[in-house]
Amino acid sequence: MLFKQQPLLRQKLFVLGSLAIGSLLYLVARVGSLDRLQPLCPIDGRFGPRGQDEIPLRALQFKRGLLHEFRKGNATKEQIRLHNLVQQLPKAIIIGVRKGGTRALLEMLNLHPAVVKASQEIHFFDNDENYAKGIEWYRKKMPFSYPHQITIEKSPAYFITEEVPERIYKMNSSIKLLIIVREPTTRAISDYTQVLEGKERKNKTYYKFEKLAIDPNTCEVNTKYKAVRTSIYTKHLERWLKYFPIEQFHIVDGDRLITEPLPELQLVEKFLNLPPRISQYNLYFNATRGFYCLRFNIVFNKCLAGSKGRIHPEVDTSVITKLRKFFHPFNQKFYQITGRTFNWP
Ligand code: A3P
């Protein structure tokens, strides 16, 4: 009899087990979403030396889930008022460099509970039409945040656009500026790859990288080619230094952000006077993508879009050597100015 009932018993146990696991998962998700609405932990107080330019962090205990709802436009004016949400000008800007890993840096910093990212590139300071709309237009483009969180935006075109340093200076002369760089030749090829993909999408043909990067008349590096010019980091940085002291910049190693993101993020937290909150838990390596992805909590994680991490075309080794030789003196100067040395060839 007992023998006959065993499959039924097993079936019942299976159903009960599934229900228990389901309820547990629901509770975990529910607690996660409640976290976002309520203070997570007691106020952490101050971290690091208290300086004039220190970013206040009293709202660290809040999580971002609620903000997400507001950003989706689901909030009423009453809710915004009730939660004391504001649209703040950025306290830090990722000014470049294009293809340096600007998106990865922004998304990873956004893991920090005191950071709120502007999802889109705003292009306020580099686009004359946008700039003419005024600073209030810019502020209104910012996401809602709690007053003591900091807003960060990224627009990589800022780094190379002539007028931008002066314009940012006029908005906030003590703003913190983040520049993420990669080995210049690799960055130039990545830049080319992005443009190439755009052309292919429109069924257009395009030149080979070698043809663009090397001047066929002189056989020298073509400094008129934008992808080459952008990689001369020191030239651009020198323009910025007319307005901002070097202490207001932090250089992120974009190559290391790919292979070992946490230490790079910890350096940024320090630079921004944020308490260390991003941990290894927040970053996991996804073998399929070949990159680190982001884990916000037990239920929510994400990888960057497929447009990040493209396969680069193969480039003639003599061209690579020529480019590396060309960038070498500029790199040395860049190390000297920034005080950060990279193992670039
Ligand atoms: P590639 O496409 O050349 O590999 P940007 O966001 O400034 O356009 O930079 C894009 C680059 O970010 C990518 O260049 C990729 O290598 C790099 N990157 C760094 N960390 C990444 C991550 N976790 N996921 C995807 N791409 C990442």
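Cβ atoms here come from the backbone N, Cα and C positions, even for glycine.
Caution: TrEMBL annotation is automatic and unverified by curators.
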Which one, Ser190, Ser318, is listed by TrEMBL in the same 3'-phosphoadenylyl sulfate site as Lys99, Gly100, Gly101, Thr102, Arg103, Arg182, Tyr292, Lys308, Gly309, Arg310, Ile311, His312?
Ser190
In TrEMBL, Cys293 is disulphide-linked to which residue out of Cys219, Cys303?
Cys303
Let me make sure I understand the span of the 3'-phosphoadenylyl sulfate site: among Lys99, Gly100, Gly101, Thr102, Arg103, Arg182, Ser190, Tyr292, Lys308, Gly309, Arg310, Ile311, His312, what is the greatest distance between any two Cα atoms, in Å?
19
Quick one: average pLDDT across the domain 'Sulfotransferase' (90-334), no decimals.
97
Once near-sequence residues are set aside, which residues in the chain of Cys293 (disulfide bond), 6 or more away, have Cβ atoms under 8 Å from its Cβ?
Leu283, Tyr284, Phe285, Asn286, Asn301, Lys302, Cys303, Leu304
Reduced DSSP assignment, Arg103 (3'-phosphoadenylyl sulfate binding site)
helix
When you measure from the Cβ of Lys308 (3'-phosphoadenylyl sulfate binding site), which residues in the chain that are at least 6 apart have a Cβ under 8 Å away?
Arg103, Ala104, Phe291
Out of Ser190, Arg310, His312, which of these binding-site residues is nearest Lys99 (active site, for sulfotransferase activity) by C-alpha distance?
Ser190
What DSSP gives for Cys293 (disulfide bond), in three states, is strand
